[in-house]
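Engineer: Not my notes, these are from TrEMBL:
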| type | residues | note |
| --- | --- | --- |
| DOMAIN | B:4-279 | domain 'FAD/NAD(P)-binding' |
| DOMAIN | B:316-383 | domain 'NADH-rubredoxin oxidoreductase C-terminal' |
| DOMAIN | B:420-467 | domain 'BFD-like [2Fe-2S]-binding' |
| DOMAIN | B:482-531 | domain 'BFD-like [2Fe-2S]-binding' |
| DOMAIN | B:557-621 | domain 'Nitrite/Sulfite reductase ferredoxin-like' |
| DOMAIN | B:631-769 | domain 'Nitrite/sulphite reductase 4Fe-4S' |
| BINDING | B:Cys639, B:Cys645, B:Cys679, B:Cys683 | [4Fe-4S] cluster binding site |
| BINDING | B:Cys683 | siroheme binding site |
Amino acid sequence: MSWIDIGSIDDVPVRGARVVKTAQGCVAVFRTAADEVFAMSDTCPHKAGPLSEGIVHGHKVTCPLHNWVFSLETGEAQGADDGRVPTYPVRIDAGRILLDGAELAKRTAA
Amino acid sequence: MTQKLVVIGAGMASGRAIEHLVETAPDAYEITLFGTEPRGNYNRIMLSPVLSGEKTYEEIVTHDADWYATHGVTCRFGETVTGIDRARKVVLSAGGETPYDKLLIASGSNPFIIPMPGHDLDGVLAYRDLDDTYAMMKAAEKPGAKAVVIGGGLLGLEAAAGLKMRGMDVTVVHLMGHLMERQLDEAAGYLLRKELVGRGINVLCSSNSKEILGEDGKVRALLLDNGTELPCDILVMAVGIRPNTALAKEAELAVGRGIHVDDQMVTSDPDILSVGECVEHDGAIFGLVAPLYDQAKIVAKTLLGEAAAFAPKQTSTKLKVTGVDLFSAGDFAEGDDREDIVFRDPARGVYKRLVLQDNRIIGAVMYGDTADGNWFFGLMKDGTDVSDMRETLIFGPAYQGGAAADPMAAVAALPADAEICGCNGVCKGQIVEAIQGGATTLEDVRAQTKASGSCGTCTGLVEQVLAVTLGDDFVLPTAKPVCTCTDLTHEDVRRLIKSQELKSQPAVWQELGWTTPNGCHVCRPAINFYLLADWPLEYQDDPQSRFVNERNHANIQKDGTYSVVPRMWGGITTAAELRAIADAADKYNVPTVKVTGGQRIDLLGVKKEDLPRMWADLNAAGMVSGHAYTKGLRTVKTCVGTDHCRFGTQDSTGLGIKLEKRLWGSWTPHKVKMAVSGCPRNCAESTCKDVGIICVDSGYEVGVAGAAGMDLKETEALAKATTEQEAIDMTVAFVQLYRENARYLDRPYKWVDKVGLDWVKARVVDDVENRMALVARFDLSQTVYQKDPWAERADAKTQRAWSALADLTLEAAE
């Protein structure tokens, strides 16, 4: 694990998301109504819609392009749709959002 | 060690086979998939609803490139395999050689094109894939376009019905004496023909085509051998398919009509398997989806070394033309040793015929009422002796054993192994099992069993199985709830928000018993709108409950970029504004600049992070957001009216600008488009708008509830206003009444259709006091919401919020 400080929790809207640019594409960082954070690829496996622009509800996000719904916890598509979005370890420490750089690097190398 | 599997052909059969493989043993094979079409796998049997406009391509995609990627399948879409070298176990294509341990040929079939003179003219189409469908849709765009369809079989008739629905003038030319002669007898064929002729389709049976006539290389007409010329812009040939065996033949595999396969779907080469419409099994070839799905299962098992054998089952047929109810199964030719049971009800257009041999049903044809089709099909497949129920057999299962007639009885009487969904081979037992396992809705059943998930014609049956199995617990959904978070309808929610004075989303979720913590993408935008419309001063609009376009104040495009549309009041602009727009287009590298149908300029392809700066630039030139992305007032289209036009009766441009300045920025249940025409020549096309005003000498005719989108509808006369002010008041009051009462995502025409125009007139026209109260409530809301979203967001804070939170690309590169 090598935690990278990517910003303050206040920079992400409640029930919203922001993106972090990485070498292998954008990662969406979500903030739920209960102030939990989740990180996963910003790219919907269906038609590459930007998941960070979706509506966040509970522990789920709905892709803005065709309404696929994904679990923020597992990245799994919900309901009848079939697909998975890669997720990344992320945590909050003293109001700062920390993303696991080692995991990002690992995926890049793979 | 992982073996290499190469699959040739990305169609429904190979898609299903790969699905089985990766589900059962994801690591058994490293799969490479070649497909000639430059796209993934879609539900080919649903092309007809796409053609008729009842579905879109996006809705029929089953596996796209991303699905394959997720499951580790290497896709080579758009790349045609040119040969197979069996000795070296490689396939050849433009990309070079690809080695295989096992090869699966799923090359499908080719449409048969009758080699008559002119068959290679431009405009002669087959009906096979999405490109054919799009070509037909394109041809139908031309007003008054004519189509000739050769072939009155399943595919030809679906094409004809679809083209007719698209507005084309359609003639079907069929060689045989009646339509669908392979599935229907003469009587059913007659009823079908009557239905199609009733829809305005010209049907010519017993007609032989002689030659396709052309002009400048393009099809012009079809010449029949009796000398008749049928003029046409396109000619669709739907006369059958032939297995595509070219590759297999060249590779010297055993090939007859199709590629020979054994019960394990293995060809004459033990390392090469084949599946789908390209195969020949035991002398038979296959064109319907059900046996192909069965084959796909067997292929997957064989590849995984499991014992399995393909045994073709009898199949039944339904025609996918909305409003035509038709069922056919088995053999219904007449014969000395055969008996018929026939039922007719001419007034209802119902015809049923069972063909019996040795007291067993061997064929069934039904038209107009097919509810008992699956029960007959079950008796037929099982070879049930029907002598005991012969007298009442034709009336269906409800009449067997003296039970009273009950619409559910037919389904209740079906045995567990009766097939409900032919496409996916799902029988009643599997559905019942899913229900007993907790499925309570059609969606649940579809998700768990795939029943009704392909062509959808069995949806009603699946619902009946639900009703029979769940008993009183299942209520056929008549009043549709907002979403799965609640049982309440939109109307209930609106009423309760007002009566219980619910003024926040958490209040709605709590008081109305939402089943989810904070709603979902369906209910949140609706509730957000209801709250802001009913409590403009108390409720705080929630951007996180808005669809991306309304949150970002720009229209998202399929590639994630946005479009920017500055407002042009009544379509009026100036040289200075145009210069500022041109400058913005240059500065932000806008790839596409388009004039819209609402008299605006659309700048497409803008990156999200550029939006705030671009808005600031346009603001500086005096322009504000055109709200081209909102459920709100879009545009007021105008003609030049008395300013310039010699026919103009009133200042239509001026009225349009006044309306737009009054109404812009307001949120509505769905988008609202208006127009003002200066005279009845109606150059601003007012008669298909949500509100359309036509100026006449004596005043203003205010029309409402028009439509020119999914539906086409002329406006209805709301009232005649004598002064401009009265026209404005009525328009504003109508919009406010719509805001207060319509359900979210209903355009005004849908709402007016539900409440009735008289109800609207009573409140907006007849009761002047109520009209002015509506106007006052609208104006109050505008004190909060009539603000330019661009100006509010042209600051550094928005600039930051619209950009990435962090950029790690540099760090990762180090």
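If you go along the chain as it appears here, the first residue is 1 and each next one adds 1.
Glycine is no exception: its Cβ is also placed from the backbone N, Cα and C atoms.
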Engineer: Would the domain 'Nitrite/sulphite reductase 4Fe-4S' (B:631-769) count as touching the domain 'BFD-like [2Fe-2S]-binding' (B:482-531), if touching means at least three Cβ pairs under 8 Å and pairs must be 6 or more apart in sequence?
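Structural biologist: Touching, yes - the domain 'Nitrite/sulphite reductase 4Fe-4S' (B:631-769) and the domain 'BFD-like [2Fe-2S]-binding' (B:482-531) meet the threshold of 3 or more Cβ pairs under 8 Å.
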Engineer: In the structure shown, with every protein chain counted, which of the binding-site residues B:Cys639, B:Cys645, B:Cys683 has the densest set of Cβ atoms within 10 angstroms of its Cβ?
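Structural biologist: Comparing the binding-site residues B:Cys639, B:Cys645, B:Cys683, the most crowded Cβ belongs to B:Cys639.
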Engineer: Kindly report the helix/strand/coil residue split of the domain 'BFD-like [2Fe-2S]-binding' (B:420-467) according to DSSP, in that order.
Structural biologist: 26 helix, 4 strand, 18 coil
Engineer: List the other residues in this chain whose Cβ sits within 8 Å of the Cβ centroid of the [4Fe-4S] cluster site residues B:Cys639, B:Cys645, B:Cys679, B:Cys683, in sequence order.
Structural biologist: B:Val640, B:Gly641, B:Phe647, B:Gly648, B:Ser652, B:Ser677, B:Gly678, B:Arg681, B:Asn682, B:Ala684
Engineer: If I take every residue in the domain 'FAD/NAD(P)-binding' (B:4-279) and average their pLDDT values, what number comes out?
Structural biologist: 89
Engineer: For B:Cys639 ([4Fe-4S] cluster binding site), what is the secondary structure state per DSSP, taken as helix, strand or coil?
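Structural biologist: In the DSSP reduction, B:Cys639 ([4Fe-4S] cluster binding site) maps to coil.
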Engineer: Does anything in the same chain, at least 6 positions from B:Cys679 ([4Fe-4S] cluster binding site), have a Cβ under 8 Å from its Cβ, and if so what?
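Structural biologist: Within the chain, B:Cys679 ([4Fe-4S] cluster binding site) has Cβ neighbours under 8 Å at B:Cys645, B:Phe647, B:Gly648, B:Thr649, B:Ile694, B:Cys695, B:Val696.
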